[in-house]
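Colleague: First the structure, which I've put down as structure tokens, then a few questions once you've had a look.
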Amino acid sequence: MGVARALVVGLLRILMILILGSWVSLWLLKPTDLWTRKWRRAEDHVRTAILGYYGLNFAVYTFPIIALAIIGLVYLNFKSIEMRRRRSRSAVTALFNPLVVSSLLGVVSAAEILAICLFILFLVWTFYARIYKDLKNLMPIKSLALNTWQLKYLRVATRFGLLAEACLALLLFPVLRVMPLFRVIGIQFESSIRYHIWLGTALIFFATFHGASTLFVWAISHHIQDEIRKWQKTGRIYLAGEVALMTGLIIWVTSLPMIRRKRFEIFYYAHHLYMVFLLLFLFHGGDRHFYTVFPGIFLFGLDKILRIIQSRPKTCILSATIFSSRAMELTIPKDPRLKYAPTSIVFVKIPRISKLQWHPFSITSSSAADEEMITIIAKCEGKWTNDLYRMIHEELASDAGQTNCPPVYIEGPYGPPSINFLRYDSILLIAGGIGVTPFLSIIQEIGSSQSSGNFRFPERVQLIYVMKKSQDICLLRSISHLLWKQTGEKHHLKLKVYVTQEEQSDATSRTIFQDGFSQVRTVHFNPKSANHTAHGPGTLLEMAAIALIAAILFFVLLLSLNHIFLPQQKKPVKPKLKAKGLEAKDKIPSSVIDLILVASFLLSIVGSAILAILLRWRRLKKEIPPSPPKKAGNRNLYETDPRGTGADDLEEHEIYFGGRPNFRDILSKFPGESGGSNVVVLVCGPESMKESVARACREIHPASSARTRPKFTFHSLNFAL
């Protein structure tokens, strides 16, 4: 079975490479005269057939990426099983080590630099091929009296619109959570968000140049009043493009860091204008241009509806713990059958705080250590988390005893299909502030595996925890039992704490740890009011089946609605009419054709949603009722270690005050301390800290000889709170 499974994984990987290569080749050939001639001939051939030009556009431009997502889901299903059986290291790991470290881009790997360069070359090629033909065959526009330079500038502005279209084609892929286009290559949702930001910024730049330059040409030619309000019956609708540009600018401005971090609600609600933007883009560009960007829109729409369904029904918070550092730990029941990898995240909505807002949080628990509960830690950073803090404080202050569980909706978990960090000899975890949360799940996963002899686990784990105040030590409470029970353990955990804004105190390490772990308050809610547990997304094969059915349903609806509502051409278009641009399609308002596409899309999403609801209902019928949290799991250090056993183990951990760590020194010494030649460095925290660690990791390699040089693998994690 293992050999057959490996063969299936290999064949699926080859198939995905072929599909992706064909789709990329299509984009490269699209600006050429060869493709234009072949494509017009193909459209003429199918125009009188059942398929129609719209069916051909969907089959060529849209379906390959949908097929890639479907095959990717099947591939991840088999790969996750295979990765649990083998712990081999990838030969291309070095491509993901930091190559460029800058305050503008952050930490960028060699693979990312290569992808960026290839995308820029593609944009240059597309612009050059298009503008070369335009300037070579420059024709005056009858409705506009433009001189030569104005006409050339208008052509340049038009082609910048095509560059914006290319960015839009990729824009939604990085934010997919259920559909696995980026997960196939090992990039998780929280890490791919920055690609969405880069593509969105490029899209707005190209679209703004396109729109502003067009308006400029209209203005200097004294046609702006005539053109700016046009809603043409056929062709590009200018008014739709203008409103789409304004909508895009609103989305982009409210996404800037100074607004997103301080006024999250504005960012969150403004981002939902994407529906208006995409609809207006369809009206402006027409259905033929829309099919090229439709793969991302189709997958995103399907992804969105599946996420809404899988977050129902609501569950509850079983217990909440408040730490002295204004952080909160929430315990939520889960189905024992739900498994997730460390570093996974969940999205949480609490109706008592907001009926609309979802917030991501890193999971701090391990499904291997606790099969019935998920725990997350949130820190007061904005209005939503402050409201949550006040809500828990009110429950603590009330004298009602156990109250009903606060209802909560859970979406996820989303995370890697396998535990890649287990492939290495030693692990160096570097965390800053609340960035320690994903590492808590990693440490618990390794700790729970000590009794398992099935796989080879890292023997040395070192956690470098940088914090402003020593009270943040309380965030390590969930792994406190692993910090002192070190004697005779196979997997050794070493902790080094750096407190940057406090001076050295007279207290011992033991006292500081005990004080931090004990300064907590916990409220337990009535578990009898909890009707459901968190189930997580459906299986990967179920998602693949739903995506396939949705694509088939859309294709059938598209053909059917076009044949019902649009007059069909029974004869090929005559060359003279084609030269004048007069086709049967042109007799119908282009907005009607666009609305048929939208209707087909919405109906296919509704159909796939019904199927997903049925599968969800079937899964809920087999649900195991939630059980109350085990209070033993919430004990502090004093309760677990009342006689002070383990005090010597606490003393072996190190605490430094009044300064930041020297990451270069830490990285150079760690291989000798751990005794491992293959080291993975995981970093999570502020961007400035990630950049410092990346620079140190990059500098160590040239500083040592090839024989003595440790093999570092760098990974930057994004914490969710």
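For all residues, glycine too, the Cβ spot is worked out from N, Cα and C.
Keep in mind it's a predicted model, so treat the numbers as computed, not measured.
Straight from TrEMBL, here's the annotation block:
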DOMAIN    301-420  domain 'FAD-binding FR-type'
REGION    625-644  region 'Disordered'
TRANSMEM  7-29  transmembrane segment
TRANSMEM  58-78  transmembrane segment
TRANSMEM  99-128  transmembrane segment
TRANSMEM  156-176  transmembrane segment
TRANSMEM  197-218  transmembrane segment
TRANSMEM  238-259  transmembrane segment
TRANSMEM  266-283  transmembrane segment
TRANSMEM  545-566  transmembrane segment
TRANSMEM  595-615  transmembrane segment
Colleague: Under 8 Å, at least three CB pairs between the transmembrane segment (99-128) and the transmembrane segment (156-176) (pairs 6 or more apart)?
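Modeller: Judged by the Cβ rule, the two regions touch, with the required three close pairs present.
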Colleague: Using DSSP, break the domain 'FAD-binding FR-type' (301-420) down into helix, strand and coil residues and give each count.
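Modeller: Counting residues per DSSP class in the domain 'FAD-binding FR-type' (301-420), I get 26 helix, 41 strand, 53 coil.
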Colleague: Against which stretches of its own chain does the transmembrane segment (156-176) lie, if we need a Cβ under 8 Å and a gap of at least six residues from its ends?
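Modeller: 27, 69, 122-123, 126-127, 130-131, 134, 182, 189, 192-196, 199-200, 202-203, 206-207, 209-210, 213-214, 217, 281, 285, 289, 292-293, 295-297, 299-300, 303.
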Colleague: Kindly state the mean pLDDT of the domain 'FAD-binding FR-type' (301-420) in the predicted structure.
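Modeller: Value for the domain 'FAD-binding FR-type' (301-420), mean pLDDT as a whole number: 85.
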Colleague: Which bits of the chain, at least 6 residues beyond where the transmembrane segment (58-78) starts or stops, bring a Cβ under 8 A of a Cβ in it?
Modeller: 5, 8-9, 12-13, 15-16, 19-20, 22-23, 26, 51, 176, 179-181, 183-184, 291-292, 294-296, 298-299, 417, 539-541, 543-544, 547-548, 551, 554-555, 558
